[in-house]
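Feature annotations, courtesy of Swiss-Prot:
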- 60-67, 107-111, 169-172: GTP 1 binding site (BINDING)
- 235-242, 282-286, 347-350: GTP 2 binding site (BINDING)
- 54-217: domain 'EngA-type G 1' (DOMAIN)
- 229-402: domain 'EngA-type G 2' (DOMAIN)
- 403-485: domain 'KH-like' (DOMAIN)
Amino acid sequence: MAENLAALDDDEAELRAATLRAGLDDYDLDEEDAALLSGEYGDEGDEGPLKLDPVLAIIGRPNVGKSTLVNRILGRREAVVEDTPGVTRDRVMYSARWNGRNFTLVDTGGWEHDAKGIHARVAEQAEMAVELADAVLFVVDSAVGATATDEGVMKMLRKSKKPVIMVANKVDDFAQEADSATLWGLGFGEPYPVSALHGRGVADLLDHVMDTLPEYSLVDGVERSGGPRRIALIGRPNVGKSSLLNKLAGSERVVVDPLAGTTRDPVDEFIELGDRTWRFVDTAGIRRRQHMAQGADFYASLRTQAALEKAEVAVVLLAVDEVLSEQDVRILQLAIESGRALVLAFNKWDLLDDERRRYLEREIEQDLAHVEWAPRVNISAKTGWHKDRLVPALDIALESWDRRIPTGRLNAFLGELVAAHPHPVRGGKQPRILFGTQASSRPPKFVLFTTGFLDPGYRRFITRRLRETFGFEGTPIEVNMRVREKRGKKR
């Protein structure tokens, strides 16, 4: 079949398709059919060079209301908020807008002086956020007043030499504004009294922020051509997502700890791989039973799904030192249902002996047969072994995800397929495929106009042959039917 299609002239293919399309005029078509058949497909081109929005970092000691303030500024619940110190652990970026201006908002974990263990790593992340920011909101609990930890934050901010706006949070009414005056002693000028929980004073604060921020970021102020392709790293907790992101970025971008579920918010990072910029999203591990998850873990699982929806390609990380679980399969299904391109990354492959590798290959063939079309990369998130193989796999998946088949070629393919493998006769009737068109890409979706319903098995057969013939590797594809009858036919 592939040879016959290759030998077919494009003009001849389009002529055949036009003949088949004309034949549809004898059938009852609705407005949606007509729109689909007459619509012209156009891919979005590159947006050209663009400058990065200015960056505003929010910093303070644990549990002063930083994430609550983030949600208030964004006008929606994005940052994970819980009345427990330390819920935000990484520096997390969000796109924000105020009075017609865009800026990037960075939420950070609580900064603590001389912190130990994971808290020390959280503090380092907060300091890195300050380095990459154009201005900083220093949030202090007005009800508590300045503490020794606040003074430690003050010293760190002074060394950074960044513009700092002092925010006195938890000022719920006018009577409490006097408490904020005591914060003058921290040396950053007049504190802005706000209530992040109720929104009091936040508008005035943002007006001042807009006066402080530059038009474009002066820190990372390079121009990027087009928009970087967006990649979601997903997988069950503690599978190595954060370690992989850090290895790719070449820095400790995400807090890594043996404790499962350390990453709670989606974390975006622009990473240079294969001479191009990619936007990676490292997400919290998807929990086993979302409806049973409590507090921060519940909201983090929702954030993970939201990040997947915003991505273009999902890299599903699977640990080869553990048996493939139902949870792994469910996560894969979630990626497929989202319609994103897909790459499978098998972590810790370098630790396997030959016998275990042979066993795992058989296990993959059995348990992952439904995603045999996805490119596979065997890597080590910890050491970076084979990390260079990710880019070719991502390219293959995204090219397939973007691909569009000319209508003439598609109908020539369908004609060859049906001639060689006609649909089985059911109840004395044999449904025919009248015409086919690709309704969209990202992911590729095809619509077949037919005279009757096609068996599920036959539709799977068409899908499989579409993959083989046109090279749809790394993307889910969808084949839908529109059953139509001839005009004037008695029912």
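The backbone N, Cα and C atoms fix where each Cβ goes, glycine too.
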Item to complete: From the binding-site residues Gly60, Asn63, Lys66, Thr108, Val171, pick the residue whose C-alpha lies nearest to the C-alpha of Gly235 (GTP 2 binding site).
Response: Thr108
Worksheet item: Of all the binding-site residues here, Lys66, Lys241, which one's CB has the most other CB atoms within 10 A?
Response: Lys241
Worksheet item: How does the domain 'KH-like' (403-485) divide up by DSSP, counting helix, then strand, then coil residues?
Response: 29 helix, 22 strand, 32 coil
Item to complete: Count the other Cβ atoms sitting within 10 Å of the Cβ of Asn63 (GTP 1 binding site), across every protein chain shown.
Response: 17
Practice prompt. Over the domain 'KH-like' (403-485), work out the mean pLDDT and round it to an integer.
Written response: 91
Response to the item:
Spacing of the two Cα atoms, Gly60 (GTP 1 binding site) and Asn238 (GTP 2 binding site), in whole angstrom, works out to 28
Item to complete: Would you mind checking how many other C-beta atoms are within 10 angstroms of the C-beta on Trp349 (GTP 2 binding site)?
Response: 21
Worksheet item: Roughly how many angstrom lie between the C-alpha atoms of Trp349 (GTP 2 binding site) and Lys66 (GTP 1 binding site)?
Response: 40
Discussion item. Most Cβ neighbours within 10 Å: which of the binding-site residues Thr108, Asn238 is it?
Written reply: Thr108
Worksheet entry | Under 8 Å by Cβ from Val171 (GTP 1 binding site), counting only residues of that chain that are 6 or more apart | Ser142, Glu177, Asp179, Ser180, Pro193, Val194, Ser195, Arg200, Gly201
Worksheet item: Which three-state DSSP class does Gly60 (GTP 1 binding site) fall into?
Response: coil
Worksheet item: Between Asn63 (GTP 1 binding site) and Lys241 (GTP 2 binding site), how far is it from one CA atom to the other, in Å?
Response: 26
Worksheet item: What is the separation, in Å, between the Cα atoms of Thr108 (GTP 1 binding site) and Lys241 (GTP 2 binding site)?
Response: 19
Worksheet item: Quick one: Cα separation, Lys66 (GTP 1 binding site) versus Lys241 (GTP 2 binding site), in Å?
Response: 25
Worksheet, complete the sentence: Students should find that the Cβ of Gly235 (GTP 2 binding site) has, within 10 Å, a number of other Cβ atoms equal to 26
